[in-house]
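**Q** Okay, these came from TrEMBL:
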- 1-116: region 'Disordered' (REGION)
- 14-31: compositional bias 'Low complexity' (COMPBIAS)
- 39-57: compositional bias 'Low complexity' (COMPBIAS)
- 77-93: compositional bias 'Low complexity' (COMPBIAS)
- 101-110: compositional bias 'Low complexity' (COMPBIAS)
- 327-429: domain 'PDZ' (DOMAIN)
- 436-581: domain 'Protease Do-like PDZ' (DOMAIN)
- 603-648: region 'Disordered' (REGION)
- 611-620: compositional bias 'Acidic residues' (COMPBIAS)
- 624-634: compositional bias 'Low complexity' (COMPBIAS)
- 635-648: compositional bias 'Gly residues' (COMPBIAS)
Amino acid sequence: MPPKAKKTAADAVPPGIQAASPAAAPVAASRGGRRRGAAEQPAAPAPVASPACGAADAHAEPASKKRRKERLGANGGTTSAAAAAEDLAENGGVASPLSPGGAALADGGAPNSRHASDQLMEAVVKVFTVHSEPNFSLPWQRKRQYSSSGSGFAIAGRRLLTNAHCIDHHTQVKVKRRGSDTKYVAKVLAMGVECDIALLTVEDESFWEGLVPVSFGGLPQLQDSVTVIGYPIGGDTMSVTSGVVSRIEVTGYAHGGAELLGIQVDAAINSGNSGGPAFNDRGECVGIAFQSLKNEDTENISYIIPTPVIEHFTIDYERNGRYTGFPSMGVEWQKMESPVLRQALGMQPGQRGVLVRRVEPTSPVSAVLKQGDVMLSFDEEEIGHDGTVPFRSGERISFTYLISKKYTGDEVRLRILSDRKVKEVVVKLRSPRRLVPVHINNAPPSYFILGGLVFTPVTVPLLRSEYGKEWDFEAPVKLLDRMMHGQAQNMSEQVVVLSQVLAADANVGFEEVVNTQVLKVNGQPINNLKDLVSVIGAATGQYISFDLEYNQLVILDRAAADAATADILTQHCIPHDRSEDLRAEAAAAAGGGGDAAGGAVAAAAAVGTKEEDEGDDEEGGSGMDVDVGEAARAGGHGRPGGGSRPVR
């Protein structure tokens, strides 16, 4: 039984309301503890979808889909060269490194033989990472670097897979093969924060000598045996643990705040296991270990990333030369299990679907969907009253699983009930856009300083840095509300706060203002941090006024603030009055000049012309203990208490 949900003051999401996006949107909070297998970051929970092969469908379907199902094994995975060829066609001619035949387990070796087992273990490597995380509370600084270790494994094309949280904010990544005393420098090719997968390579040819990449299988069945191999805490050598598949469903991915297909197993996944492969009885990789649930009410609940999610990541990288992410519809929906609700909205007997509760203004879907519409089907798959679609034989899964099978820019066909009329519409999927981001993709935080006032955009890493592990209870209620329920009105909108005041004569009386949203500057509404800097740079009056949340007003004398800024920067050892992204903006606006390193005056003139968690040390491995409640609040819409967080 999952932990009971415990709601926060900012939690106002009614049960049954979901976000139609695999890249999570806020949810009800709950308490507990989840853990991931290698470095740590935000949390997330609840149902959203992810790619999976061989979903059973009781309804009519295109012939091409039927032919494909005939070539799928009982476990829902691609098992033949014919299916691989069809995959190639469906993926726009991009061959996935996970395609059958692309990586043999062993040359003629039986999967259960000692030789085959040795080859499986030979493909697993230990990953050593040195991390240097930004200090979101003092955004001009970085925290003291630390080391962690995790696991990884070789795939076709001389590449390695591991978890994104294993190499989060990395400054150096090394890998070591089983039985070797040599660590090789690895290069990071791509990081998928939402799906918690990273792709590495090693340029040293000697590393690859005799290394046989793993082969991949499809989705396992419930109660299938799995073997997890990696380098967890408790020793330096390889560890092998076994278990069975307990559940397959859309679940919260703690590291990136997303909701994708996940496999729950009862095999032990501890700190350091993250990034290691999970094999079935045939020696095929069926997933990547990445997180586990740890609290007083649970035991032996661990999670692996299934091959459909891995394949989506690798194909995305091959198509675009970079990771673009899982797409989103930008729609929040509500279950329609009430017959009275269905009747009141004009649904006919036998019609099924979910109610559109909100549509993000920045989403392309906003042109064809509105609040009060009913989504009846997604790409010919009928959506149930509870928001599920047929999965495999006897199973159903959240319809957002269908969204996560798509790629950014793909078009999908929806059948909707709008104004009591059934319509078919085509919508384009895009990357998710959150008003308060769960992560910023390893980028340094933005900031701007004027007269000791420090301004920065709100992100979940900032809230966690400021308020610690209890940030989702301790942070200001209005900021939590923006994080959980806010919608960006345009693609560049940010929640900008006056995060702190570095005390000086120029700001006397305002020293206690902290983490309060800036609404206006000199009477002009602020859309984002760049907008704030631009308005300040263009100001010509004696005073600069800041209208803050809670009807607070801060006013600085412009000349005194400009004069004080340089001294404040020197006193606090701050190299620039603004972050690198804003300096680049200023330089571009000034035609190559305008670096404001010395103070605010030159920078403003130039503009006017135009993510708590400390890492585990290497001995402890890389892991993530997950607070389920935190996962829910930083993650997406779904059932309370559904979140989980990676284990380093």
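Glycine too: its Cβ is placed from the backbone N, Cα and C atoms.
Those TrEMBL annotations? Automatic predictions, nothing curated.
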**Q** By DSSP, what is the split of the domain 'PDZ' (327-429) into helix, strand and coil residues?
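**A** Going through the domain 'PDZ' (327-429) residue by residue, I get 15 helix, 40 strand, 48 coil.
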**Q** Just give the helix, strand and coil counts over the domain 'Protease Do-like PDZ' (436-581), going by DSSP.
**A** 56 helix, 34 strand, 56 coil
**Q** Looking only at the domain 'PDZ' (327-429), what is the mean pLDDT?
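**A** In the predicted model, the domain 'PDZ' (327-429) has a mean pLDDT of 94.
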